[in-house]
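A.B. asks: Pasting a structure below so you can have a look.
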Amino acid sequence: MDQILSALPKTGVAETGVAATSAAADTLWTPVGRVEDIPVRGSRVIRTPDGDVALFRTADDAVFALRDRCPHKNGPLSQGIVHGQRVTCPLHNWVIELSTGEAVAPDVGNAGHIPVRVEDGAVSVALELATAARGGCKGACHV
Amino acid sequence: MDMHHPISSPDGQNAAQDTPRKERLVVVGNGMAGMRTVEELLAKAPGRYDITVFGAEPLPNYNRIMLSPVLAGEKTFDQIVLNSRAWYEENAITLLTGEPVESIDRAAKTVTSASGRVVAYDRLLLATGSMPFIIPVPGSTLPGVIGFRDLADVDAMLAAAAKGGRAVVIGGGLLGLEAANGLRVKGMDVTVVHLMPTLMERQLDPAAGQLLQQELERRGIAVLTGADTAEIVGGEQAEAVRLKDGRLLPADIVVMAVGIRPNMALGKAAGLECGRGVKVDDAMRTSDPAIFAVGECVEHRGLTYGLVAPLFEMAKVLADALADGEGSAYTGSVTSTKLKVTGVDVFSAGDFSGGADTEEIVFRDPARGVYKRLVLKDNRLLGAVLYGDTKDGGWYFSLLKDGADVSAERDTMIFGQGFGGADAGNPKAAVAALPDSAEICGCNGVCKGTIVKAITDKGLTSLDEVRAHTKASASCGSCTGTVEALLAVTAGDAFTAAPAVKPMCKCTHHSHDAVRAAIVAQNLRTMGEVFAALDWTTADGCASCRPALNYYLLCAWPGEYADDYQSRFINERAHANIQKDGTYSVVPRMWGGLTSATELRAIADVVDKFAIPTVKVTGGQRIDLFGVKKEDLPAVWADLNAAGMVSGHAYAKGLRTVKTCVGSEWCRFGTQDSTGLGVKLEQMTWGTWTPHKVKLAVSGCPRNCAEATIKDLGVVCVDSGYELHVGGNGGLHVRACDLLVKVATEEEVLEYTGAFMQLYREEARYLERTAPWVERVGLDHIKRALVDDAEGRAALHARFLFSQRFSQDDPWAERAAKGVDRHEFSLLAKVG
C-alpha cells in the first residue's frame, strides 16, 4: 500500500478536491485520503459517479463508509452526529449503524454500505463491493 | 372545636363522657429526632395520643442532613421536606411552627410558647436538638457571622454567595467542609480555618485527611490547618478573621462550624437533671418521669450524639416507651460517618486511632486517589477509614458492629466484599450474598431482612415504595444503589428502576437538571469528565445528549471550555440551515431589521453569482437565501462580509432576531426610539448560545406592530418608559408573554435583558424555549431573581456580558477568510 500512498498527494486531495488517480495497481480499492483528514466523530464526503459516499471516523479511529443518503428521505448522513458506531441523520433523526448501513429499530432500511480498508493511515474504499440501499418510505409518509 | 385539638381544652372532665380522654403528648421540636419518634409511635400505637408539635422554625419537618446538597444547589428545599403539613393533618397532629417553647411548668404540666400559648401535657417530649457552637472570640456576634444548622443559615449563605466575594469557614469538620464546598460551588472564594493539623481528625486519620485536603484545594478551596482564630474583625459587619499568628483573612461572611452544643436550656430551666445535655435513662426518660427527651439535646450514659443514626435508634426505643411497650432499651450507638460533598467519597467508623495491641491493613492507590485503612484487634475489626472508594463501608461497618471474627477474609478484606469470587464487582450478587442481619441503611438502621420482607410481603417494586415502607435510603441516600440492587434481586422483573425524573437520554439515568448541577458541583470541565463522573452507559453519548452537554459545559465555563464541534447539530457546524435536499440557506444579520442599498446590492450580486434559486423575506425581518450548495458557503459569506454583513445565526440555538417597528423616528404614534433600542439589544445579545432559539422584539407603542408580546423577550414602549414582557412564542403552541416589569430607561432595558438571557441560559434545559421554561418555574421565580433582587440581576447581567466576550466573533468571517473548519466545506475526494 505504500506505493498507493506515495501516488496520493498527501493533503492535496482533501484540500482541493481534485480527482484521486487510479494509478494504483490494486483496482478494487480506491484510495481516498488519510484517516486524519476525517474529523474524529465526524465525516467527509467522496463524490462518485454513483452519488456521494460519506466516510465516517469514530472516536476510536475506526473508519466506515455509507452512501450519503438516509434510507428514510435521502438526508445527507455525512452531516449527522457520529456517536459510538452510529450516525444520526440530520433531517429526521433516523439512526444508522455505520458498520452495516442498517437503520436502528424501530426504523427499517439500509443506507448501503461500502467496505473500507485502512493501512498505515491511508483510507481506501471498494466501491464495487457496495451493498444495495434498501427500504425507507421514499416520501410516502410525511414524517 | 376539633376533637383532637388539645390546645386549651379543659382538663377533660366533660370532653367525652363515654370514652376516656386521650392522653396528651406535646413534642417540643419539629426536627428529625422528634418527628421520627412520632412516626414510630403512630406505627406502634395509632391514635394513642392527642399530639401537639411545636417547631421553632417556620417550616414543616425537613431532612436537616440534606441542607448541604441544598446549599450546593443539588437539591431544592421541597425535595428535602420529610413530612408536609398535609401529613400532620392526616395524622391529626396539631403543628405549631415558628413558635419556640419558652418554659415548662412541671407542676401544672403545661408548656408556654413565645407567643404566650399555654398547652397542657400528660407526657412531654423534648427534641430541641442542638445549636452551632460559636467560639466566643471578639467579634463573634457581628452580623455576617453565621452557623450552619438550619434553613435560615443556608439562606444567609446563599444570599452572601449571590454577591460573590470571600467566605471564611471556621472548622474543618464534617459540617464546615460541606459548607465550604457549597459556598465554593456557588462561586465564593473560600478559606477553611482549622485548629487541628489535619481535616476531619475525629473521623479521618491523618493520611486520609491530607488526601481530602488536596482534593478540596484542587477544587479551589484554601485550607489552613493548625490555625487558631483570635478574633473576627469588623465594624457593623464581619470583615475579616484574624488568626493568632497575626494573619488577617478578609471575609464577606464567616461561617462557624466548629461543633454543636446540645440545646438543653429549656430542660435546665425546668429543673431537669442536665450534664452536657438533658440526662436520660435507657428508656429515654429524663429525671421527671412525665418528660422524655430524644436526639441531639440528650446526654445518655455520658455521651452526646450529633449524627442521625443514633437519633433514629433512640426514637425507636422512645416510641416503645411511649406506647407502653416493654423491654426495649437504648444502650448507645456505634457510629459511622460519610461526608456529603459530591464527588468526594469519605467513610469512617469505629476506633481507628490504632495503638500497641492493634494491627493495621492499609491500601494505597495514589493515582486513583484511593486510601483504605482497617484497624483490627484479635482478628476483629475495630475501625475503618476509607477515602476515594467507600462502597464497602457498609460491609466493614456491619463486621465492626457485629464484632465478627474476620480471620477467614482477613487476607483479602481490604479489597472489599466478595473479592476474588466469581461475582466480584457484581453489586446484585454481592447484595444477594449478604446475611439478612446486614445493615443496609446506616441512617435508619434498616437491615437487609427488613427490606426483603417489605418487598415480598407488600409487593414493592420501586425505590420510592421501599423508602416509604422501610425508611431505607430515605435520609442521606448513600445506600440507594444497594437498596436498588436488593429490589432487583428480590422483586426481579417486577422491579422498575423507573426514576422519579426523566433521564436526559438513554445514555444516562440522570436528568438534565441533575447533570447540570453535577457539572458545576463536581467541577466537570470536559464531556469526557461528565461521562466518567456520571457513569454514562455509552462511550461517547448520542445525538441527543452530546449537544446538550456541550451547551451546559459552555454555559458553565465561559472562555474555558473548548467547544466540541462534533457535538453540534449540523446547522451549528455549517453556520447555515440544512434543507430537505441537503443544500443550505443563508441569512445575514440585519440589525433591528434595518438594511441599506449597499447590503441589498451585495445580496443581489451573491444571488446572481451563485445562482441561488430562492430569495425570501423572513418573519424576523431579514432575507433568507435558499438552495446554496455547501461547498459555496464560504465564498457566499466572503461576499456578504465584504459588504459589512455578518452571520444572522438563523441556524443557532442562540439569539436570532430583534424585530422592531420604526418607533418615534417616523411613526406618528411612536413613543420611544424602538428601532434604535432594538439595534442596541441585538448588539448586546448576538452570538450568544442559549438552550433554544431566542427572539426579541421592540414595539414603539402599545399598538405593538413588532408583535413583541409573543417573543422570548419583548419590549413595548410607552410614554413613561418600557414594559418588558417575557416567555412568549408563536409556533405550534402559541403563548403570549407575561409582563415582567416596567422600567424607565434604556439602560434598565439592557440590564434586564442581559439578566433574563443569563437566567434562561443557566436554568433552562437544553431545547426548552423560554415559554415552557417560564411555565415550569413560574413567573414568580423569574420576578424574584430579576425584579426583587437588584444585586442578583446585576450579577446575572455581568455574567451574561462576560460570556459574550467569548462568543461575539462572526463565524462566517472566521470560515470565509481564516479557513476555520475548511474540511467541513470541501470534498475528501472525487472518484471516477
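For all residues, glycine too, the Cβ spot is worked out from N, Cα and C.
What TrEMBL shows for this protein is this:
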- B:CYS661, B:CYS667, B:CYS701, B:CYS705: [4Fe-4S] cluster binding site (BINDING)
- B:CYS705: siroheme binding site (BINDING)
- B:24-298: domain 'FAD/NAD(P)-binding' (DOMAIN)
- B:336-402: domain 'NADH-rubredoxin oxidoreductase C-terminal' (DOMAIN)
- B:440-488: domain 'BFD-like [2Fe-2S]-binding' (DOMAIN)
- B:504-553: domain 'BFD-like [2Fe-2S]-binding' (DOMAIN)
- B:579-643: domain 'Nitrite/Sulfite reductase ferredoxin-like' (DOMAIN)
- B:652-788: domain 'Nitrite/sulphite reductase 4Fe-4S' (DOMAIN)
- B:1-22: region 'Disordered' (REGION)
A.B. asks: Does B:CYS667 ([4Fe-4S] cluster binding site) have same-chain partners at least 6 apart in sequence with Cβ under 8 Å from its own Cβ, and which are they?
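C.D. replies: Listed in sequence order, they are B:CYS661, B:GLY700, B:CYS701.
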A.B. asks: If you count other C-beta atoms within 10 angstroms, which of the binding-site residues B:CYS661, B:CYS701, B:CYS705 is the most crowded?
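C.D. replies: Comparing the binding-site residues B:CYS661, B:CYS701, B:CYS705, the most crowded Cβ belongs to B:CYS661.
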A.B. asks: Let me know the model's mean pLDDT on the domain 'BFD-like [2Fe-2S]-binding' (B:440-488).
C.D. replies: 82
A.B. asks: Could you name the residues, excluding B:CYS661, B:CYS667, B:CYS701, B:CYS705, of the same chain that surround the [4Fe-4S] cluster site, i.e. Cβ within 8 Å of the Cβ centre of those residues, in sequence order?
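C.D. replies: Apart from B:CYS661, B:CYS667, B:CYS701, B:CYS705, the close residues are B:VAL662, B:GLY663, B:PHE669, B:GLY670, B:SER674, B:SER699, B:GLY700, B:ARG703, B:ASN704, B:ALA706.
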A.B. asks: Count the residues of the domain 'BFD-like [2Fe-2S]-binding' (B:440-488) that DSSP assigns to helix (H, G, I), to strand (E, B) and to coil, and report the three numbers in that order.
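C.D. replies: Tallying H, G and I as helix, E and B as strand, the rest coil: 28 helix, 4 strand, 17 coil.
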A.B. asks: By DSSP, how many residues in the domain 'Nitrite/Sulfite reductase ferredoxin-like' (B:579-643) are helix, how many strand, and how many coil?
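C.D. replies: Helix/strand/coil tally for the domain 'Nitrite/Sulfite reductase ferredoxin-like' (B:579-643): 29 helix, 14 strand, 22 coil.
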